[in-house]
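Record features (TrEMBL):
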TRANSMEM  48-74  transmembrane segment
DOMAIN    75-360  domain 'FAE'
ACT_SITE  Cys217  active site
ACT_SITE  His297  active site
DOMAIN    379-460  domain 'Beta-ketoacyl-[acyl-carrier-protein] synthase III C-terminal'
ACT_SITE  His381  active site
ACT_SITE  His385  active site
ACT_SITE  His414  active site
ACT_SITE  Asn418  active site
Amino acid sequence: MSNFKFLQAFFGTLLLTLTFLFVERTSNPVQSSPIRNGVLIESLINPLLHIIYTHPTFLLSCIWCLVLSILYYYTSSPNPVFLLDFSCFKPNPNQKCSYKASELFVLRTNRFSEESQEFMRKIYLRSGLGDETYAPKFVFQSNPKADLESAFDEAQEGMFSSINSVLSKTNIDPSRIDCLIVTCGSFSPMPSLTSLIVNHFKLKSDVKTYNFSGMGCSSGVMSIDLAANVLKQSNKIGYALVVIIETINLNWYYGDSRPMLVTNCIFRVGCVAAMITNDPSCRRVAKMELVHSLRTHHGANDRAYKAAFQEEDDKGCTGFSLTKDLIPVAGMFLREHIKILGPRVLPLSQLGMYVYSVIRSTMTRGASKPIVPDFTKAFDHFCIHTGGKAVIEQVGRVLRLGEELTEPARMSLHRFGNTSSSLVFYELAYLEAKGRVKKGDRVWMLGFGTGFKVGSLVWKALLDFANERDNPWSDCIDRYPLKSW
């Protein structure tokens, strides 16, 4: 888009200059020039040479157009947006939730029928989760009880830990934070979680705060997009702190509806804090630059709107229903999403092949399907929303990604479970711990959310990533990837 903007400015200014020259030429005819000899020259290049010969200021005008275009480009383009650093929360080891711990918790609650217990057992064993994911503290209590206090405790522990870590890594004082964005899909207390952070870290009084809720697993990607837009529209250098969390204390389902029981098996504790800035001088120390972002909302489609839904079952128990429509809806609207994203990121060779396939499909009345472009030509690494094993497999099929490219998503699901919208950063941390991201590499973060929403972030690495002390994978990265999953 920036290149298009520059060309638009240049040719617009050039056209204006040529218009004035044409008006001047028609109002003041000039004598014939010796350059007019030769039919071929006259028919091909005489008009341009004639303007140059009769108007020696033409070249200066072109140079002036170029200078104006460059000035317009640099004065009207927003500052670049950088990811200074991020930090993923790693809960206490005594919160590790193995299959055995999950089974014991279900038995202690004494609130599930034998049929529901057997269903959850089957879902868990096929989910792709390992034995080292993290559950809320109440799961391990002898008399499990989830209440508002335990939900606050879960939120505070995750947010404060990850924020302290990212502030330490970036050496940013809390008083320098200009914008605070917190996203938590299903826990929205009053005062808000942003107010909780403002109070704890004593942020300045004119800090801009945004509190996301109800946006599901796509809200992490969308909160980064919001931070980028806030910084781009600002006339001053600023810092935005983005906190992405989901609490599951108050969202445990105790009924017998199978679409709602699935969430008990796959969602786990997680949080990430990221520091974003528009300071150009930070390019030399920032990890990545945000190149593109895209949000699409498909809620106008009834099937998509109801694919993942919070509601009450027939006994009045509130739960979050993951319907059978979720996987096909994700595939359907991922295709719609990449139709918009593709032209912005794909090389011309892939775009040409895709356009040809669309024309061919139209001419054959659908007998031949349009091809899916090869996104490995645009991106080096993929951080796919890890909603579940079936979601990863569906995205892999749609985008034609091999196991190596879906490895971060599959391994993150195994190690941390579905931590909702923060999980794409656990995948980035996986790539960091493996040392795979090199300077100049492009990373695609892709998230899906209720509603139904799809969000993309395209990052460009500004340095070689290396394993860091606070990386959540530090103590186990040597065991991954797993040979079987």
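Cβ atoms here come from the backbone N, Cα and C positions, even for glycine.
Locations of recorded TrEMBL features on the structure.
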residue : record      : contacts (Cβ under 8 Å, 6+ apart)
Cys217  : active site : Gly185, His385, Gly387, Asn418, Ser420, Ser421, Leu423, Gly447, Phe448, Gly449, Thr450
His297  : active site : Gly451, Phe452, Lys453
His381  : active site : Leu405, Pro408, Leu431, Arg436, Val437, Asp441, Arg442, Val443, Trp444
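Per-residue pLDDT, averaged over the domain 'Beta-ketoacyl-[acyl-carrier-protein] synthase III C-terminal' (379-460), rounds to 93.
For Asn418 (active site), the count of additional Cβ atoms within 10 Å of its Cβ stands at 26 [all protein chains shown]. Taking the active-site residues His385, His414 in turn, the residue surrounded by the fewest other Cβ atoms inside 10 Å of its Cβ turns out to be His414. Taken residue by residue, the domain 'Beta-ketoacyl-[acyl-carrier-protein] synthase III C-terminal' (379-460) breaks down under DSSP into 40 helix, 21 strand, 21 coil.
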